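**Q** Can you keep this structure in mind? I'll have questions shortly.
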């Protein structure tokens, strides 16, 4: 059964599917559930949504505990792992890595310009988060010691769901039922909150991650498109086979505590086109009553 609920994080997961977590709902939970259901049916795919309202720790979930291919949204965890190392060694982010022609993979708009000069880990992190540069992601993974080290970092911050198994671009195959390189909307939302608003990173490192996310250049048609223009958004998009279209975001509405929103979407046809408008619509549905 699809879960679509407001609830306190501390409440038992077995609570009723549509549960009032605080004194009042932003909008009717029945209406939110129905709108997300209708959106999913119209889209012809499978939609996953997790929203955390940090004002009262309430949540709204739609397939929140189902696995989805993360695609490039996993880059947040990799960059955060680098930042974590810089807490004990500030020079880590200044370490320069060589970039060879053999390293380049599809969609590397930044790294392909630095074959002679190389790039620092800070520059690679910015490139992979703000331009979704795939070679930058692979170089970061290589520096960390492989995909399993990114997963180990996720475990260290309390995420038992995240798993990174491959590198770019194969981590984007998004084969239905394949658990490689997947997480759930709720697990990713909780981790994103810890990394950007919590204490999983030191203050300086947390601020740097937020700055990178706010400077993302690829999310204008996804979550951001479903929100008021005055709201500040830091996000990371992702895309893969089976029309997989993802976006994870930290949102700062006007006169309200931050929100954390994860939207994952995938389709049954391997060659299906990306559907960023579905993510924008989902973002509007879950925030329009705020």
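All residue numbers here begin at 1 and follow the chain in the order shown.
Every residue gets a Cβ built from N, Cα and C, even glycine.
In case it's useful when we look at the structure, here is the feature table from Swiss-Prot:
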- 1-27: signal peptide (SIGNAL)
- 72: active site, acyl-ester intermediate (ACT_SITE)
- 236, 237, 238: substrate binding site (BINDING)
**Q** Hey, what's the Cβ neighbour count for the residue listed as 'active site, acyl-ester intermediate' at 10 Å?
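**A** Around the Cβ of the residue listed as 'active site, acyl-ester intermediate', 26 other Cβ atoms lie within 10 Å.
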**Q** Using the centroid of the Cβ atoms of 236, 237, 238 as reference, list every other same-chain residue with Cβ within 8 Å of it (recorded substrate site), in sequence order.
**A** 71, 72, 73, 75, 132, 216, 218, 219, 222, 235, 239, 246, 247, 248
**Q** If you draw a 10 Å sphere on the Cβ of residue 237 (substrate binding site), how many other Cβ atoms land inside?
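**A** Excluding its own Cβ, residue 237 (substrate binding site) sees 27 Cβ atoms within 10 Å.
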**Q** Measuring Cα to Cα, how many Å separate residue 236 (substrate binding site) from residue 72 (active site, acyl-ester intermediate)?
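**A** A Cα-Cα distance of 7 Å.
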**Q** Looking at the binding-site residues 236, 238, which one has the fewest other Cβ atoms within 10 Å of its own Cβ?
**A** 238
**Q** Cα-Cα, whole number of Å: residue 238 (substrate binding site) versus residue 72 (active site, acyl-ester intermediate)?
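**A** About 4 Å separate the Cα atoms of these two residues.
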**Q** According to DSSP, collapsed to three classes, what secondary structure does residue 236 (substrate binding site) have?
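**A** SS state of residue 236 (substrate binding site) = strand.
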**Q** Between the Cα atoms of residue 237 (substrate binding site) and the residue listed as 'active site, acyl-ester intermediate', what distance do you get, rounded to the nearest Å?
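**A** Rounded to a whole number, the Cα-Cα distance is 6 Å.
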